[in-house]
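Working notes for the structure below.
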Amino acid sequence: MENHLTLGAAALRKAALNEEAKIYILDNELLFNVFKKAANRYIGGDTLEETIPKVLKENKDGHKCSIEFMGENAKTEMEALAATDEFIKICETIKGNEFNASISLDLSHIGLNISRELALDNLRQICKSAGNNEVIISAEGVNMTDSIIDTYKEASKNHNNLGITLQAYLHRSKDDFADLLNYPGRIRIVKGAFETPAGYSIPRSTELNDIYLDYIDTLLFRRHRCSIATHHDIIQQEAKKLVNLYASHKSCYEFESLYGIQQEQLAVLKEEGYMTKVYFVYGREWYLYVCNRIAEYPMNIFTALADISQ
């Protein structure tokens, strides 16, 4: 059974990167409505307006939030500009409602695959609109890593509210991490969920857990702002020890969970006095995100099937 679930999770990760499959499902009303039942567990809604009440509830419960408008690979400048306008709308909504929240985004969504200059200009507009709120660049496929880091480094010269995500499972991340420590932005550490070519990444293992914690140890020791973005209970418990060891200020770290995934653990962390954050995504481009969320924990496959059958 466990082997079959692991194989199913691997197949889902590959399916997540299949552009034709994504288009087929999202453009087919029947399939869209069927799979949306599984997606609803993990997304804030189709629109920002649907997501706002959920953000407000999490804030009232004491959690900071992050809000992302889903979408990857803008194919035209018009698409990239439209996405940028939506992110600016998020910024204005956060400020207008005085939410305790940050903004997250994929650089490909605001034009990085079209041109670096387009994405950089759009990113700067978003950072400016965000004001004192953070903007965190999300991770994407390994083929995007160099261009993502280069764009981040350039934009962060004038925007201290800009942060970046590092994927612990990539072999290259050791060198990237050493480089990124020279920049002031928050570093969000994730294990990594994207399918990679052979030899590019470390599989889920005790070794990967140790590498993840080494990154957190260094960040907390250096008092560099970080996000501990994992649902792994063992890592969370070990990270708590590091937070206590270094007497980390609450502005320096945050335990982050994705909306709809093991939020009970996050509630416990909050009750224990740790800084916590719930990551929301919204929009119709949920295919890649949801495939990766289900694949992350193979037992989620059964949950998705139960949601679809209702």
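Numbers run from 1 along the shown chain.
The backbone N, Cα and C atoms fix where each Cβ goes, and this holds for glycine too.
TrEMBL: automatically predicted annotations, no manual curation.
Feature annotations, courtesy of TrEMBL:
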- Gln167, Lys191, Gly192, Ala193, Thr230, His231: FAD binding site (BINDING)
- 55-284: domain 'Proline dehydrogenase' (DOMAIN)
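Everything TrEMBL records as a feature, shown here on the structure.
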residue: Gln167; record: FAD binding site; DSSP class: strand
residue: Lys191; record: FAD binding site; DSSP class: coil
residue: Thr230; record: FAD binding site; DSSP class: coil
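In sequence order, Gln167, Ala168, Tyr169, Arg204, Leu208, Tyr212, Thr230, His232 are the residues near Lys191 (FAD binding site), counting only same-chain partners six or more apart with C-beta under 8 A. Pairwise Cα distances among Gln167, Lys191, Gly192, Ala193, Thr230, His231, which the record gives as the binders of FAD, peak at 14 Å. Counting every protein chain shown, the Cβ of Ala193 (FAD binding site) has 18 other Cβ atoms within 10 Å.
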